[in-house]
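Here's what TrEMBL has on this protein:
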- 101-136: domain 'EF-hand' (DOMAIN)
- 217-382: domain 'TLDc' (DOMAIN)
Amino acid sequence: MGNKTSAPKYSAAEIETLKGPFSDAEFDCLDALATAAIADRAAFETTFGLGAVPDDMAILARFGGALYDAFLTLPDIDGPSTDEVTLAHVAKAAALCMRSSSASILRSLWSIFDASTTGTLSESELRQLFLAVLLMADAMADDALDVAAYVGAADAMVASFHLHATEISLPHLVSWASASWPLMHTVFSAWMAHKCFASLPSTRSSYLAPRLSHPSDILTRGELIALSGQSMQLQDSWDRLYTSTQDGLSFNRLCYHLLGYAGPTLIVCTAMDGATFGAYCDTPWKDQSKFFGGPGCFLYRLRPNLLVCPSAGGTNFMYFNTKGVALPRGLGLGGTTSKCRLFFDEDLDECYTALKCNTFAPGSLSLRASFQIQTLEIWGCGGDTSRQAQKGYRADTADLINKARKVDKAQFVSNGFDREMFLGKTFGHGTDAARIADDEH
């Protein structure tokens, strides 16, 4: 699509002002983007589009055009009013979307959906806003799936928002995001950087979509993105440590796959009644009778609506006891040893949640206090180093057990009284060495 006017000229001082927080290479990219937008608006809209989206999602279907229009409405742009973006529009919009506070970045995102500048959005517009961010997360890796893979998570966010506020306004969105999706702004910021600086060598992004070692039997792609927006530790690679669908609903198997992993973990559970919830655990698990862990832990619910319960000042974060007889045996989060906030017992059939505790913010995780597990997964979020550490832990454990067996048997055989008392007939028949070798094997 051609343009009726030429690009405006800027003085050296004006260029330096527009450059602002960007490097020379980044500003050159923005200049090229503005020049291309002036020459061909349709190409700009395609570049910033979100792919194939149903027509009933009007803003998403023409997202590139909505973004272009939002650029034009930026305040404090010097020069005459125009219906075409200029370098000034692009540079200022880029600064607001990528190099500003979280509130400013969310305000820029909001302006795309509040084209009439009424200050409020409809429920449909809010739903599309959440969907846009979910789609952006995977668009950076060119992995975006069908929109249907993200709709459920967006609906859960809308339901969560309505519990948080009665009016859909920008201040309420900023407040909700701070509590329920704290890294939401980084997704939009990283997506803008990916689009604006595509020609530059890739650098560390402010957001990385999660990459799973195996498909999840519980989480949709949208729910994965929602969780990855809670902590940077939940971005990039996830290693599946345990899944009840393949490893069996067994606490012993869970312990085997969990112990020794040297990084943070994510517990995901779907109950028989349909609720999906779990916990992020910032510290490697260890078998002991006391609580451990740190304030990076949080509890969450994904279905029927999104709820995040961050740490709230207590210190009883993680509990994992498999041997002690005086205290409950199982895996727990929050609360006390006698009543955890979330607890999986050693048989995995008397699990429960509580509404509140001193460690995490209040809120109901499951639909009922006691729940039956339908599917349980545990993911490792510590990368290759944590996974290799677990392999070393297992090798060391096996070696210690093997050595202990050899020492015990060697001491037993070397004791003449014990040998005669318990194995007299065996040694009398000359088969002692063969039997010991067989036992050790």
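Placed from the backbone N, Cα and C atoms, the Cβ positions cover glycine too.
Nobody curates TrEMBL annotations by hand; they come from automatic prediction.
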Who are the chain neighbours of the domain 'EF-hand' (101-136) in space, where the CB to CB distance is under 8 Å and they lie at least 6 residues beyond its ends?
50-51, 57-60, 63, 66-67, 69-70, 73, 93, 144, 147, 150-151, 153-155, 157-158, 161, 167-170, 173-174, 177-178, 184-185, 187-191, 222, 225-226
Using DSSP, break the domain 'EF-hand' (101-136) down into helix, strand and coil residues and give each count.
26 helix, 1 strand, 9 coil
Roughly where does the domain 'TLDc' (217-382) sit in mean pLDDT, to the nearest integer?
97
